[in-house]
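Visitor: Here it is: the structure, laid out below.
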C-alpha cells in the first residue's frame, strides 16, 4: 500500500534519540528551498530579462504588483537565510564528523556549489550598479584560465562584454538550477538514509532509535517556526539590511563603484580571492576555498568521529569559525592596510584548519593511547 510507504519514509524513519538541535538545519534548508522556488516563480512572472527593462521591472514588482514587495524581500532575504542555514549545517558536519559518510558529504558539497552558482546568477538579475559590476569582476576571473580563458569568458558573456545575452542566459540558469538543487537534495537525503544520521557522541545508534514522527518532527517544527518568525521580522522591519546601497541605482558601465563586492554570503571566498595579489593565484584560492571541503573525508585520522572529546580539534574548529567571520568582515572593507594583512592572515588560517585535521587526529590518538 502506498500509504504504508509514505509512513515508513516520513513517520517511522528510525532516528537516534540523542541528536541535538544542530541536526534540525536540514529540514530548515528544505523549507528555505521551497520558499525560494515559490517566491521565485511569482517574481519570474513579472520580471523582464532585458538590460533596459530589468531594473524597471524590479521597481514595478515592488511598487505595483500586489504583495510584490513581500515576494521580492522574501526571495532576497530568504537567500541569506538559506546560506546562514547551510553554513551552520556544514559546520555541524565538520564538528561531528558527518563527512565520514562520504557519499552524503560529496553530494552536499556539490549542492553547495550549485547553490552558490544559483545565488550568483540571481544577484545579477536586478541589473543594479553592484549587480553589474560584481558580475563583471567575478566572470572576468575566467580569463585567468590559461589558453582557454578568453574564449570561455566570451562564451559565457555571449559577446565581448556583459550585455543583453548575458542577462538572458543568467536568468535562464537562475530559473533552471533550483530544479537541479531539488534533484540533488533528494539524492542527498536518499544517501543519508542509506547509512543513517550521525549523532553528537559519534557512536552506532542502532540499539537506541526512535521514530522520526512525532519526536523529531516536533523538534524540527519548533526551529522552523522560529526561523520563519525571524525571516518575517526582517522582511517587515529591516528589508534592506543585506542590500548594497549601490544596487538601488541602475547599472552604468561607465561608472565604477568605489568598492565592488558580492553578497555577504560570498564574502569569505571573495576575501580569500582579494588577499592574493595575482589573478590566477586568487582565482585558484577562490575555487579551493570550497573544493577543499571534498578532502575532509580522506584526511580524518582520529579514532573518534566527532570533536566532542577532542580538545585540540575543537580549538582549531572555533578558530575556523572566527576566521570565517573575520574574512567576511575584512572583505567588506577597501583594499588598503590593515585590511589586506587581515585578509591574508585569515586566509592562511582558513586553509590551515583543513591541513591540520590529519596531524591533530594523529596527535590526539597518541594522547589517548598514552598510559
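Just so it is clear, glycine is given a Cβ too, placed from its N, Cα and C backbone atoms.
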Visitor: Scan 259-279, 280-300 against Swiss-Prot and say which stretch is down as transmembrane segment.
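Guide: Of the candidate stretches, Swiss-Prot labels 280-300 as transmembrane segment.
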Visitor: According to Swiss-Prot, which of these ranges is transmembrane segment: 197-217, 218-238?
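Guide: Range annotated as transmembrane segment by Swiss-Prot: 218-238.
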Visitor: Per the definition of 3+ C-beta pairs under 8 A with sequence separation of 6 or more, do the transmembrane segment (218-238) and the transmembrane segment (339-358) touch?
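Guide: Since fewer than 3 Cβ pairs under 8 Å link them, the transmembrane segment (218-238) and the transmembrane segment (339-358) do not come into contact.
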Visitor: Would you find the one among the binding-site residues 89, 174 whose Cβ has the most company, meaning other Cβ atoms within 10 Å?
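Guide: Output for this query is 174.
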Visitor: Near residue 75 (heme b b562 binding site), which residues of its own chain have a C-beta under 8 A away, given they sit six or more steps off in sequence?
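Guide: Residue 75 (heme b b562 binding site) has long-range Cβ partners 36, 39, 40, 43.
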Visitor: Let me spell it out: take the transmembrane segment (339-358), skip the flanking residues so only those 6+ beyond its ends count, and list any with a Cβ under 8 Å from a Cβ in it.
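Guide: Hits for the transmembrane segment (339-358): 268, 271-272, 274-276, 285, 288-289, 292-293, 295-296, 299-301, 313, 316-317, 319-320, 323-324, 326-327, 330-331, 333.
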Visitor: Under an 8 Å Cβ to Cβ limit, what residues of the same chain, 6 or more beyond the ends of the transmembrane segment (170-190), are close to it?
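Guide: Residues packing against the transmembrane segment (170-190) from afar: 26, 29-30, 33, 36-37, 40, 44, 47, 49, 104, 107-108, 110-111, 114-115, 117-118, 121-122, 124-125, 135.
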